[in-house]
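Inspection log for the structure reproduced underneath, given as C-alpha cells.
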C-alpha cells in the first residue's frame, strides 16, 4: 500500500469571495499574511487561494478541464514511458554550484506556489494496480509491463491526483465552457509565507504572541519549530519521538535540508525580534512581530534577487524577451499582476529537479566528509537534524557538496524510489512533473516558443539546432507523433543552455517573465521608495548587506565559517571559507 503525506491544508471555503479595495488599509506598512491588498486596485492579485496565472490559455483535451491530448486527439505517451525513454538517472554533478543553490530554489518555488490538493490521500492505485471506483480526481500514470524497473514488480500504474481547480471549488463559476484554472493555496509573493503561513489561521499556532517572537521549542540548547500535533500523518516517523515540525508550510518536513532552510529563517526572525525589543522596549508584541517579519522578508528578497537569481540567470541578456536588468526594476507598477504563472510553477521552475541529489553529505568544520544520508531514507522525516552535531554537519554539507547538473538526468532515488518508504517500489518525480503539466493543460512547447518570440519547429528536424545534441530530435520523434505534441516540461530540459546560464531560451523566457512580475508587481518589495511601506535610506543600506552565508552563520550553532558566496563552490582563492565574524552583517542600529 502506498504511503503518502497527509498535510494540514487551509483552503478558504469561500476563496472566490474577493477582497474589496475598500477593505484594504492603504496606510499599513505591513503586508497581509494571505497576500490580499498588496495591489490596492486589484486586492486579490497574488493572494493565497486564487488561481495560477497564464501566459497562454489552457489547452485541455475537452477544451474545459480534461488533461491535454495529442494533436490527433489521442492520449499523449505515458509520462513514465517518457521518463524512462528520454531521461537518464546518471549521477552527474555541477561543480560550480553547491547543493544549497538547488535547495534554496526549491524554497523559493514553495514560497510562490502550493498546488491545491496535491498532497491529499486519495489512492488511485493499490499495490501498483488501478483501484476500483477511483475518485474523479484520479489520473494515474500508466506503467508498461516491460518497464525495466517497475514492470518486474507487476506495477501497472503510479498514483497521481489532479489539482483542485476553481471549477471544483465553485462549479457555478465554470458555466458556459469556461476553462478550469488550478488553485494556488500559497501567496505568489517572495514573502516567506513558507515561514509565516498563508493566512491568520496558519500563522496563529506558530506565533508566541510575546516579544514579537515565532513559537519555538528549545532542546539541547537549540531552537526548533514546534512539534506538529498531527505528526503521525504529517511525517513518516520511525518512532513517536521523531521530530516532525509545524511551520508556515507543510512541506518543510519533505527533506532534512528543506527543513534546515525553514529553521534558518524562523531563527532569523526571532534573532531580529530580540534585537528590536532591546532597541525599542516600548514596542508591543504586534509591532515587534511585524517589524521583524518585514526585515526578515527584505533580507530574503535581497538574497533571492541579488545573490541567488543571478547564479542561474546572469547578465547579459543573450535571448528571450526579458533581461535580468528588467527583472531588477526598482519601481512598483500597479498594472503588473504578480500572480504565479502556471507554466513557471509546473514547468520552467521545475528544471531544478535535475539538481536534486539522492545522497546528502555531512561535513566537518574543515569541510572533510563526516558521512552521508539517503534522501529517500529521510523523506518526510527530518529527525536526524536533532541528533548531536548533525544539523551543523548537514548545513555545511549543503553549502559544500556540488548540486546535480541541470541536464537530462534525474537522480535514481527520485526517478524510481520517491516516497517508497517500506513499499517494494516508489514513484517517479520526472513522470509526476510531466503528468502535472498535462493535468494543468499547459500548451505545447511550440506554443511557448511562439509566445516568447522564438522560432517554432515545423518538423522534428527543426529541433536539431535547439537541443543539446543532434540525436535529441530523433529521440523526441520516437515518442511523439507530431512536433505540436512535444511538451514544454520535456523539451524545455532538452534545450541548449544559453551560455552562462543553467537554462535554455524557452524556460529562461518564462522564468524572467515570472520574476519580473513578482518583483515589479509587489507593492511591498524592499527596494520601493514608497514612504509608507519602504525603508529609510540608512536601513536600506544595511539590508543590502544581507547574504545567505551570514544567515547560516548567525543561526547555526557550531558553524564557525562559511564561504562568502555560499551558493557557489568553495575556492581556495576567490571563495574560500571565512570566519563567520568576517562576513558582512546587517546592523539594526538604523531601526533605533
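Glycine is no exception: its Cβ is also placed from the backbone N, Cα and C atoms.
Among the candidates 111, 120, 285, the residue that Swiss-Prot names alongside 187, 189, 191, 193 for the Ca(2+) site is 111. Residues 230, 253 are shown; Swiss-Prot lists N-linked glycosylation site for one of them, 230. On its own chain, residue 580 (disulfide bond) has 550, 553, 554, 559, 560, 561, 562 as residues at least 6 apart in sequence with a Cβ closer than 8 Å to its own Cβ. When Cα-Cα distances from residue 191 (Ca(2+) binding site) are compared across the recorded positions 25, 230, 235, 452, 509, the shortest belongs to 25. Within 10 Å of its Cβ, the residue among the disulfide-bonded residues 24, 37, 452 with the fewest other Cβ atoms is 24.
Residue 25 (N-linked glycosylation site) has none of the recorded positions 189, 235, 251, 353 nearby, counting only those with a Cα within 10 angstroms of its own Cα. Across the fold, the C-alpha of residue 230 (N-linked glycosylation site) and the C-alpha of residue 509 (disulfide bond) stand 41 Å from each other. The Cα atom of residue 110 (active site, proton acceptor) lies nearest to that of 244, taking the recorded positions 37, 244, 366, 452 as the candidates. Within the set of recorded positions 37, 111, 193, 244, 251, the entry lying nearest in space to residue 509 (disulfide bond) is 111 (CA atoms).
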